[in-house]
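Enquirer: Mind looking over this structure? Questions follow.
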Amino acid sequence: MRLFHLSRHLIQSKTFSLNRITFPVYSKMENNEKVLVGCIGGSGLYHLDNLTFVKTVHIETPWGKPSSPINISSLPSGALVAFISRHGSHHSITPSEVPCRANIAALKHIGCEAIIAFSAVGSLREEIAPGHFIIPDQIIDRTKGIREDTFFRGEGLVVHSMFGEPFSQKLNAFVAPRVEKILKETGDVVLHTGKTVVCMEGPAFSTRAESLMYRQWGGDIINMSVIPEAKLAREAELDYTLICTSTDFDAWRTGYDPVTVEEVVKVLHTNAGNSRAVAAGILQDVHDVVVEGKTLTDIKGSMKFACVTRKDIQPEASRKKLSYILPYFSD
C-alpha cells in the first residue's frame, strides 16, 4: 500500500460447479491476444501511459472477483499487457482486504507468466530518500494471519512452496538495469537494489519502536502489500518482481514527526509519474524475455513437486478448482 484505470468489454462466459457453488469461467484470450505480462498498480498508480486500450475483462475466479476489472492494453508492438489496480479503481480496498488470491488467479488464468507489481513504501534507511525507487530481493512478513495467503488452505492438500527467494531473481536482474536507465533519463532518480522489504498489516503506520526494530532486523523499506501477493504468485508459478517508490521515512528518525498520509500524498504524484514512465519503458522487454522463456526456468512446474498429499486421496473438487491456475491438477 502506502496509498492502474479501467473500461468495459465482457468476454464470453460459462460456468462450472464445485460442491454446489457455481463459478463463472471466462473464455481464454484468443491466440493472437495472449497476455503474458501482468501489472499490479499500487498507491497513486491507477493507469499506464503510452498504451492502446483493447478491452476490459471482468472475471470471477474460484476465489472471488479481483480488486478491479482487468484492463487489457496493447504495446506499440501489438503485444498485450494486463493491468489490475490493487486497491480498486477508486482506492477503496484496505491492504488487509485486497483479494490477492483472485488477483493472482485472474492474471494467471488469462495467460500471464510474469507480474510487474508497483508499491509505495516507507524508507527505513537514511540513504533511501523519498522519491527513490527500490527493487527488493527479500521480505520480512509482519502480517497477522488474517489475509488469505495460500490457494491450498481448506482443500484437503498439504503443499509447501519454495519461498527462500521470494522474488524472481532472474526477472529482478533483467528489470533492474532497464529501470535504472529510464530513471536517469527521466530525472536522475536513484534506484536501490538488493534490499529487504518489511510487510506490515496496517492500516495504521508503524510506531517508532516498531520502526526501529525493523531496522535492527535488517529491513530497508516497509509496505502493507507484498504479502501475500508474492506468496500467491509463487504458488501460481508466476515470475514476480516488485518495483517500489519511497514516499517517507516511516517513524524511526528521532527528532522528526512520524509519517502521515499528508506527507505520503505529497510525494505520490511525482512517484506515480515516474512509475508510469518505468512501466512504459520496460513492459515490451519483459514481454519479449517471457516469450523467449528465459525467466521461468526455476519456477514453472515447481508446485507439482510441492504437494505432499498423495494424488489418489486429493479431493476431486479441490483438484478441479486448483486446475484454474495449475492445469496439471486436471490430469
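The backbone N, Cα and C atoms fix where each Cβ goes, glycine too.
As the structure is a computational prediction, the values presented were derived from the model and not from experiment.
Residues or ranges marked as phosphate binding site in Swiss-Prot (evidence: sequence analysis): Ser43, Arg86, His87, Ser119, Ala120, Ser225. Look at Swiss-Prot and you will find Ser206, Val261 tagged as site 'Important for substrate specificity'. As annotated by Swiss-Prot, substrate binding site applies to Met224, Asp248, Phe249, Asp250.
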Enquirer: Rank aside, I only need the closest one: which of the recorded positions Ser206, Asp248, Phe249 has its C-alpha nearest to that of Ala120 (phosphate binding site)?
Expert: Asp248
Enquirer: Consider each pair of residues in Met224, Asp248, Phe249, Asp250, all listed by the record as binding substrate, and report the largest Cα separation in Å as a whole number.
Expert: 15
Enquirer: Roughly how many Å separate the Cα of Asp248 (substrate binding site) from that of Val261 (site 'Important for substrate specificity'), to the nearest whole number?
Expert: 10
Enquirer: Given Ser206 (site 'Important for substrate specificity') and Ser225 (phosphate binding site), what distance in Å do their CA atoms have, once rounded to a whole number?
Expert: 15
Enquirer: Using the alpha carbons only, what distance in Å do you get between Val261 (site 'Important for substrate specificity') and Ser119 (phosphate binding site) once rounded?
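Expert: Approximately 15 Å lies between the Cα of Val261 (site 'Important for substrate specificity') and that of Ser119 (phosphate binding site).
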Enquirer: Whole-number Å distance between the CA of Met224 (substrate binding site) and the CA of His87 (phosphate binding site)?
Expert: 11
Enquirer: When DSSP states are folded down to helix, strand and coil, where does Ala120 (phosphate binding site) land?
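Expert: The residue in question, Ala120 (phosphate binding site), is strand (DSSP, three-state).
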